[in-house]
Amino acid sequence: MDHLPIFCQLRDRDCLIVGGGDVAERKARLLLDAGARLTVNALAFIPQFTAWADAGMLTLVEGPFDESLLDTCWLAIAATDDDALNQRVSEAAESRRIFCNVVDAPKAASFIMPSIIDRSPLMVAVSSGGTSPVLARLLREKLESLLPLHLGQVAKYAGQLRGRVKQQFATMGERRRFWEKLFVNDRLAQSLANNDQKAITETTEQLINEPLDHRGEVVLVGAGPGDAGLLTLKGLQQIQQADVVVYDRLVSDDIMNLVRRDADRVFVGKRAGYHCVPQEEINQILLREAQKGKRVVRLKGGDPFIFGRGGEELETLCNAGIPFSVVPGITAASGCSAYSGIPLTHRDYAQSVRLITGHLKTGGELDWENLAAEKQTLVFYMGLNQAATIQQKLIEHGMPGEMPVAIVENGTAVTQRVIDGTLTQLGELAQQMNSPSLIIIGRVVGLRDKLNWFSNH
């Protein structure tokens with residue numbers, strides 16, 4: 001181990017930065033955040049330093065570096081573009097046994113600055129020992145995606161509960177299980193972020209008083225349209241905390257590869273016109289797993305509340321008293337249109353968007369007259385098998401036969417395929433495509449030739 005990672009208490013302690021430019025400013029922000037009593041020495045300063053000094057946040061010493069500035073310091077940073085000066089600051093600090101960081105010169109420094117993930121009071125520091133700062137930054141970005149934004153507030157709140165938890169739970173095992181539940185409780189994190197004292201109290205009492213081994217929950221997560229990069233940050237966090245993941249055919253393999261490795265996976269394989277597992281059975285799977293005390297993620301393609309039957313599944317849970325939450329996803333209409341170069345709205349062509357199910361059930365006739373109106377974009381989900389009927393009905397109700405249309409297959413995936421034409425060709429075009437596909441109808445489709453970016457990558 002080349003460096004010992006430590007966390008320094010700098011509040012109200014004297015620290016020195018030599019340098020008055022942009023790099024020095026970045027270092028100053030960190031020391032100010034840590035509560036240091038900061039002095040900055042340079043021949044000239046960028047405006048931010050002057051603003052901080054005017055606000056009484058730090059002291060500026062304009063002029064050449066003088067070693068006496070180090071006399072009361074606990075820590076120093078040399079952040080100038082003058083290598084000789086940086087070396088001089090480092091040597092002066094070394095002679096006084098003061099730790100000194102030298103920017104971009106780790107060999108001349110007695111400590112290095114890590115990449116920091118701040119979820120105060122939780123702090124994570126990542127360092128490559130100065131050999132590869134870019135790698136450290138990339139690792140920090142990865143870790144940022146895994147740590148919920150409100151985790152720091154939950155950690156701080158946990159500190160306030162320690163005494164009560166110790167009284168409530170007799171064994172270390174019970175306390176550990178309680179803390180595990182608390183730190184993954186999404187409702188508590190959101191309540192703390194909103195400073196909702198009533199919800200904080202209710203959730204805390206529920207967590208403390210419920211049986212530790214018999215309380216499960218379900219999180220309904222939208223997986224997005226296909227590309228794993230379009231899964232939301234919160235969605236990623238949920239699938240990596242799950243005990244059980246119940247998922248559909250429309251959830252891509254790339255996204256399933258992100259699921260926690262030891263989570264149970266239950267495939268319910270829903271597809272247009274055919275359900276491998278009946279909806280009622282899916283509802284019962286969610287209920288049964290949650291009643292075992294497990295954290296269940298119901299993972300759905302797109303957004304779970306847009307033609308995903310998410311509401312039906314949650315009603316079952318609600319009736320059984322199972323706690324649940326929802327993480328929205330990028331719906332297929334948004335993802336497929338963006339990756340096909342088709343804006344859903346445009347000032348010149350469409351002032352509204354209609355999202356329509358292509359399951360045209362008997363007795364559930366659509367309002368074709370309104371759908372055939374100009375200045376809007378129609379997006380049909382699961383409409384491939386009904387494309388000829390959609391074409392016929394829209395033309396019968398006045399939509400021009402030359403209206404541009406597009407069908408997007410496997411939208412946002414590397415296997416995405418798009419075919420376009422006119423409304424009079426829709427039924428014929430649909431025969432060339434496979435599910436899952438989305439039908440887009442409107443003048444905005446005409447912009448595809450100009451705005452199509454994804455097929456060029």
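Any Cβ shown, glycine's included, is placed from N, Cα and C.
Residues or ranges marked as active site, proton acceptor by Swiss-Prot on the basis of sequence analysis: Asp248. In the three-state DSSP assignment, the secondary structure recorded for Asp248 (active site, proton acceptor) is coil.
Residues annotated as active site, proton donor in Swiss-Prot, with sequence analysis given as evidence: Lys270.
According to its DSSP assignment, Val23 (NAD(+) binding site) is helical. Annotation for Val23 (NAD(+) binding site): spatial neighbours Ala79, Val103, criterion Cβ-Cβ under 8 Å with sequence separation of six or more. For Asp22, Val23, Leu43, Ala44, the entry in Swiss-Prot reads NAD(+) binding site, with the evidence type sequence analysis.
Annotated S-adenosyl-L-methionine binding site per Swiss-Prot: Pro225, Gly301, Gly302, Asp303, Ile306, Thr331, Ala332, Met382, Gly411, in sequence order. Other Cβ atoms within 10 Å of the Cβ of Gly302 (S-adenosyl-L-methionine binding site), summed over all protein chains shown, number 29.
Its Cβ placed at the centre, Ser128 (phosphoserine) has 17 other Cβ atoms within 10 Å. The secondary structure of Ser128 (phosphoserine), as reduced to three states from DSSP, is coil rather than helix or strand. Among the features that Swiss-Prot reports, phosphoserine is placed at Ser128.
The annotation region 'Precorrin-2 dehydrogenase /sirohydrochlorin ferrochelatase' is assigned in Swiss-Prot to 1-204.
If you look up Swiss-Prot, you'll see 216-457 marked as region 'Uroporphyrinogen-III C-methyltransferase'.
Spacing of Leu43 (NAD(+) binding site) relative to Ser128 (phosphoserine) is 32 Å (Cα to Cα, whole number). Same-chain residues with CB within 8 A of the center of the Pro225, Gly301, Gly302, Asp303, Ile306, Thr331, Ala332, Met382, Gly411 CB atoms, the S-adenosyl-L-methionine site residues themselves not counted, are Gly224, Leu250, Phe307, Gly308, Gly329, Ile330, Ala333, Gly335, Cys336, Tyr381, Leu438. Across the residues the record lists as binding S-adenosyl-L-methionine (Pro225, Gly301, Gly302, Asp303, Ile306, Thr331, Ala332, Met382, Gly411), the two Cα atoms farthest apart are 16 Å from each other.
Neighbour counts were taken as the number of other C-beta atoms within 10 angstroms of each residue's C-beta; across the binding-site residues Leu43, Ala44, Ile306, Ala332, the minimum falls on Ala44. On the backbone, the CA of Ser128 (phosphoserine) and the CA of Ala332 (S-adenosyl-L-methionine binding site) stand 40 Å apart. The NAD(+) site, placed at the center of the C-beta atoms of Asp22, Val23, Leu43, Ala44, has further neighbours from the same chain whose C-beta lies within 8 angstroms: Gly19, Gly20, Gly21, Ala24, Ala42, Phe45, Ile46, Ala79, Thr80, Asp81.
Cα of Pro225 (S-adenosyl-L-methionine binding site) to Cα of Asp248 (active site, proton acceptor): a span of 12 Å.
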